[in-house]
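In Swiss-Prot this protein carries:
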| type | residues | note |
| --- | --- | --- |
| BINDING | 166-173, 191-195, 213-216, 284-287, 315-317 | GTP binding site |
| BINDING | SER173, THR193 | Mg(2+) binding site |
| DOMAIN | 1-159 | domain 'Obg' |
| DOMAIN | 160-334 | domain 'OBG-type G' |
Amino acid sequence: MKYIDEVKIQVFAGDGGNGVASFRREKFIPKGGPDGGDGGRGGSIYALADHNLNTLIDYRFTPVFRAKRGENGRGSDCYGKGAEDIVLRMPVGTIITDYMTGELVADLKQNQQKVLLAKGGKGGLGNLHFKSSTNRAPRQFTHGEAGEQFELKLELRVLADVGLLGLPNAGKSTLIRAVSAARPKVADYPFTTLYPNLGVVRVDAGRSFIMADIPGLIEGAAEGAGLGHRFLKHLSRTHLLLHIIDVAPFDENIDPVQSARALVDELRKFDEVLYRKPRWLIFNKVDLLPEDEQQAVCTHLLQALDWEDRWFAISALTGRGCQALTYAIMGYLEQLQPVTEET
């Protein structure tokens, strides 16, 4: 299925039905009083978070939603029938904003969370409501109210505890395969990851967290180059970023230090808040280095990057160091409440 994470839709709630001016007409009662019923309520439009969905593609092809108007009132004090509501199912993590003003309408963070998008109009009043001691035969009635209508922007941002950050082919997809049940495509060419992948990392019984892998970043990503810029927003909800660095690139012209600095620069250009998010360095593919050089290479990278925070040397392919990494992440997240709980 094609991954769509941003669309524009239009929602039109139904108008309320009109009230009616009617009078009671029965045998032997030639001049009965008013009995005009009220109009029915117009249909409203709701959004409902559904954890079974993972894309907004349905709204790319069906962007307009119109609820029906309420029925008009009738005589004999009969009220018009209210119109059915429309419920739009959306993935958990969808942010809904007003397309014109940018104002936040809803942030669907919980499964089955239901939010009103456009309210249906109230039904009009029948002439029964206007009867008084001075007006025994009122002919007044009111029309139904108009339903609300809006242009909305739907933006899907994945809900994950940990985000993987790195250049194409740094080994992000291999890592998420190694520590979770996720099975993203892995190959020896750039951009094998074309959309975010989520994996549940289970450390112990009842202890787990969610990891997100996005397409790799390249220089110029903040200005729109490559694929990663489009998906950087998916890291905004994470508690921790893992900066994956390939310490043994096949291309000898690639300098891991320069590449790491370029990626951090792109991150800062894109979003200062994301740049300041807690971040650990993960030196991947250490198994490709001679054993007696591995520590020296890591030390050199730490000094060149002036890095004093946490770091790990791993091999996502062989699994070396991955268990220690996941336990460290779990311990870090457990200090930050709330974290993802396994169900």
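All residue numbers here begin at 1 and follow the chain in the order shown.
Glycine is treated like the rest: Cβ placed from N, Cα and C.
Structure coloured by features recorded in Swiss-Prot.
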| residue | record | Cβ neighbours (10 Å) |
| --- | --- | --- |
| GLY166 | GTP binding site | 26 |
| ASN169 | GTP binding site | 23 |
| LYS172 | GTP binding site | 30 |
| SER173 | Mg(2+) binding site | 26 |
| LYS285 | GTP binding site | 23 |
| SER315 | GTP binding site | 22 |
With DSSP assignments reduced to helix, strand and coil, which class does SER315 (GTP binding site) get?
strand
As a test of reading the model: what is the averaged pLDDT for the domain 'OBG-type G' (160-334)?
81
